[in-house]
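A.B. asks: Here it is, the structure in full.
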Amino acid sequence: MDTFKRWLNKPKADDKSLLARFFHADRSLTAVASELDSFDGRAEPDRCTRLVSRLRQNQDKVLAITNLIMEELLGEDRDPRAFRAKFPEEVLQENLAGQLWFGAECLAAGSSIMNRETESKEMRPLAQAVTKSLGNVRVLLRDQCLKNNVPNSKTLHLDLNDSTTEQLYESLKIFDRLFAEFELSYVSAMVQVKSRHEYEMQQWIGVLFSETLQRALKIGLLDQEMVDAFDPGLMFSIPRLAIVAGLVVYAKGPLNMDMPGDQLSEMFRPFRTILIKIRDLLRNLNNQELYQLEKLLCTNEDINTKVPLGSSSIEAPSPEHSSHPTTSSSQNNNNSSNNNHSSSSTNTTSTTTTTAGTTNTHRTVERLVDQRNNNHNSNSNSSTNPTVEAATLRSPSMLSLSATSTPTASPAPSPTPSHSIASTSSAATSSTNPPADWSDGDDEDEDDDDIDVDEEDIESSDDGTDEEQLLKDIVSADCASGYLIPNTNLGNLLQPQEVPLTDNFVASEDDEYGTAEQQGHQGLEEDEPSTSAAMLAATRTLQRLRLPSSDNEPLAEPTTIKASEEHMQQPSGRHRDSHSHRHHQRHHHHHHHRHPHQHQHRQPHPHRTTRSGRKRCSLEAADPERIQPDREQNLASGDTSAASSLSDDVSLAMRNTTARLKFKSTENLLHRLFVCIAGVADQLQTNFASDLRQILRSVFLMNMSTAQEEIDIPEKTKESELFEFRASENDVIQESAGSNQSIYSAEEVNPELDNVFSAGGGNQATGQRHSAGASMQRNNTIDLASQPGEGSPSGATTATSRSHVTRSRSLGDQEAASSATSSTAQLRQLEQQQQQQQLQIQLQRQRNNSVGSNTPSSASSTSSSSEQNSPVSARSGSRRRLQSNNETQMPSSATSTSATLSPPAWIPDGKAPRCMACQTPFTAFRRRHHCRNCGGVFCGVCSNASAPLPKYGLTKAVRVCRDCYVREVRSGMGVQGVQSVQSVQASAS
């Protein structure tokens, strides 16, 4: 009996209820699956492929109907799917559910996703649970289809007291939860799904892009018109400028290269190494050079900078970036010495270059020290040196390079009476080491050859001075590298037990003269550097390195610095392999054939033990033992944090300065930066196109100017500009086939043939069309002759009032003026009735007028006054009256045509994805059509009717939908009957 009931309740094929649709879809899916299992797919691959395609289509249909059933039964109890916001746009497709089901069955059967073996193994238990739960749901739904189906019901009619209904409810909840978990896992394994941190970083990048655009608009790099017009060039300019701004201007933003790599956005994470190099080079640019680089990134114009490298101070802009490029005026003038002691080096240009470089290092550190002192002494006046004032306004990492640092500079006088000096590369190399290793960082085995390109050619010579003169020159200056350690006094600097601080820039006298055997080998063939080029500057710096709290402490009197005597008697077989200057090391490398035994016993840091005993800065005081505790106390003080801070700044200064020295000119540097920055930005366009489009779309919407609706009063146009060209339907179909744009109706093809352009009387059109942009203005003029008073003579000129009805029709906006209200329609109907009565009275008066009357009729009121007064007017009076009689035979039609309403606004194409009548989706071949009566969007089948619309001034047949056609035809028949009766009455009168 139960089987008979099931057979009786079996859904029919034309049943549209949810359960019936599921029953037939599931039955079709089962048939395809059975056929697919009935043969070997490898033997018949074509048939297998065809059946698999049908299988996936049926799976999509079954899951879609199941989803509708869950929406109705579960409602708010459905598992949330907010994670879909993380999915890319291309993933969210209509057949996503079918793909997930197919993937779950493949994983449950033991297959693995290609190149995702680990993820496949983790998802396999979940996939098996999904397929099992879905099979249970299908069985329960089929049972409900045979028991509780109501044919053609829009809702489900289940028995709530039945246990199977409750079981179905719980099974649907379990399946919904499992399917949501599998969807997240499967899509995350196939495509990259952003985390919460990544979304936050992407929002910060959007803010950076917006701030960059506003800054570019402020300094004149871009125009607001480009933003409003969505200029495609901005898609390339904004990311390039954002890289510069994120590295220099907003250095603590999302492009902060100091943060760990895993915290950077995935967009810039692959370019972290090159971005760090770009940042180091950008910090060497001044405001003018930075502006030229940004302009180059926007316009791709040639670089106008022809000045050599270092002609202006090189500084990175502070976060308060100047809105206009200004030439930096922080030129360092060295006024400490007037002596011109020309060195007798064989390479004068190289010597001068290295002299300037070392001097610049001292100047840089002086500025940093002055800044530190100014920060500690808030009540003290700022330094009188303009260079120091400029440095205090900037970040400590924003340093300056003097104008004399160009490799092509001419020989300049030495600022101090000094001998040939060491290269700045030693200081630059030591800057890459920790602050504690400033004195020994030059003895590493690895050499940065690409930085020190021409260092092998730098040699120095001695000017022949004796030992006493050398000692006089280096009094209190042989510890010159001590200025790298801030917040210290001479007691700290002269610590003999600590690592000596004289390796970076200055060589001691034992390096100059060495032992007797070393002098025998090198006496006349090698000249070694003896002193630094900025010893006096270092002496002044030492005075500023003391803490404010230590100013009252008794300062030990500096005396001459001499080497220890016991280390002057070193064995001859032990070479000075701890020399601080790299070019000196390379000098030994060039003479390696003379001393093959000297580099065999090289220690990792041998000078830590040898130089501390062989050479130290000693203080000739009365009681050295009494000063020792003071020095240890000072070293144990809490000044190490400030010392490391300033050491880091100096290290950054050395690295940036040396990096810039690789480039021959500013033009070369800017060109290299342009290539690197443009390369990174263009890679973003390729690798992260979707994210970049989304960010740029938000930036454009945030920064575009507010739209101001300007009402343009059209001027009188020429006859050739009266009409705009509009493409016909054939032109639109032939030229833009495949697009989803609307097809223009037949009325728009030849609008000049419409009667809406003719006036109420006369055979000449008085209405004019004015086009402004994409809109068209139609001015329809109605002449209303006021009824003269009873006492007025018959020949008196009647007063004419004009009522202008303007109708705006737009091709681009597809929006027109709002429809007239019902009160306005009633008022116009009364005006039409009054006008008909006036025309009848006027016709009667024209019949009573004499032939020679000069009073023109209302129909010929458009003629000029010269025509009325001419002799021809008398002879043509009868002809004019005949024309007026013919024109007044249909007064109602003329007035009804001219008194038109505004057409309804068209619904935009983007807001109508389906036909508003049959709900069929539009495609490239199923085009959109607008009804001219209601403004709705319909397909070609639902809008294949055409009818005239006199109320809108459209007397020719235009496209309308079926509903409007039935309504307009019925109303049109009634209006035409009334108009015919009125015309007959007018002709009879």
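Glycine too: its Cβ is placed from the backbone N, Cα and C atoms.
What Swiss-Prot shows for this protein is this:
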{"type": "BINDING", "residues": "CYS915, CYS918, CYS939, CYS942", "note": "Zn(2+) 1 binding site"}
{"type": "BINDING", "residues": "CYS931, CYS934, CYS961, CYS964", "note": "Zn(2+) 2 binding site"}
{"type": "COMPBIAS", "residues": "324-362", "note": "compositional bias 'Low complexity'"}
{"type": "COMPBIAS", "residues": "374-385", "note": "compositional bias 'Low complexity'"}
{"type": "COMPBIAS", "residues": "395-409", "note": "compositional bias 'Low complexity'"}
{"type": "COMPBIAS", "residues": "417-436", "note": "compositional bias 'Low complexity'"}
{"type": "COMPBIAS", "residues": "439-466", "note": "compositional bias 'Acidic residues'"}
{"type": "COMPBIAS", "residues": "576-616", "note": "compositional bias 'Basic residues'"}
{"type": "COMPBIAS", "residues": "623-633", "note": "compositional bias 'Basic and acidic residues'"}
{"type": "COMPBIAS", "residues": "635-647", "note": "compositional bias 'Low complexity'"}
{"type": "COMPBIAS", "residues": "765-784", "note": "compositional bias 'Polar residues'"}
{"type": "COMPBIAS", "residues": "794-811", "note": "compositional bias 'Polar residues'"}
{"type": "COMPBIAS", "residues": "816-874", "note": "compositional bias 'Low complexity'"}
{"type": "COMPBIAS", "residues": "891-904", "note": "compositional bias 'Low complexity'"}
{"type": "MOD_RES", "residues": "SER549", "note": "phosphoserine"}
{"type": "MOD_RES", "residues": "SER550", "note": "phosphoserine"}
{"type": "MOD_RES", "residues": "SER810", "note": "phosphoserine"}
{"type": "REGION", "residues": "308-466", "note": "region 'Disordered'"}
{"type": "REGION", "residues": "544-647", "note": "region 'Disordered'"}
{"type": "REGION", "residues": "754-905", "note": "region 'Disordered'"}
{"type": "ZN_FING", "residues": "909-969", "note": "zinc finger"}
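Structural setting of the listed features?
C.D. replies: Mapped onto three states, the DSSP output places CYS918 (Zn(2+) 1 binding site) in coil. Residues within less than 8 Å, Cβ to Cβ, of CYS918 (Zn(2+) 1 binding site) and separated from it by at least 6 positions along the same chain comprise CYS939, VAL941, CYS942.
Long-range Cβ proximity for CYS934 (Zn(2+) 2 binding site), meaning a same-chain Cβ under 8 A and a gap of 6 or more residues, is found for PRO904, VAL960, CYS961, ASP963, CYS964. DSSP assigns CYS934 (Zn(2+) 2 binding site) to coil in the three-state reduction, outside any helix or strand.
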A.B. asks: Could you count the residues of the zinc finger (909-969) that DSSP puts in helix, in strand and in coil?
C.D. replies: 14 helix, 19 strand, 28 coil
A.B. asks: Which residues, sitting 6 or more apart from CYS931 (Zn(2+) 2 binding site) on the same chain, put a CB under 8 Å from its CB?
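C.D. replies: The list for CYS931 (Zn(2+) 2 binding site) reads VAL937, PHE938, SER943, ARG959, VAL960, CYS961, CYS964, given in order along the sequence.
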A.B. asks: Taking every protein chain in this structure into account, which of the binding-site residues CYS915, CYS939, CYS942, CYS961, CYS964 has the most other Cβ atoms within 10 Å of its Cβ?
C.D. replies: CYS961
A.B. asks: Neighbours of the Zn(2+) 2 site CYS931, CYS934, CYS961, CYS964: Cβ within 8 Å of the Cβ centroid, same chain, sequence order.
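C.D. replies: My list of surrounding residues reads ARG932, ASN933, GLY935, GLY936, PHE938, SER943, VAL960, ARG962, ASP963, TYR965.
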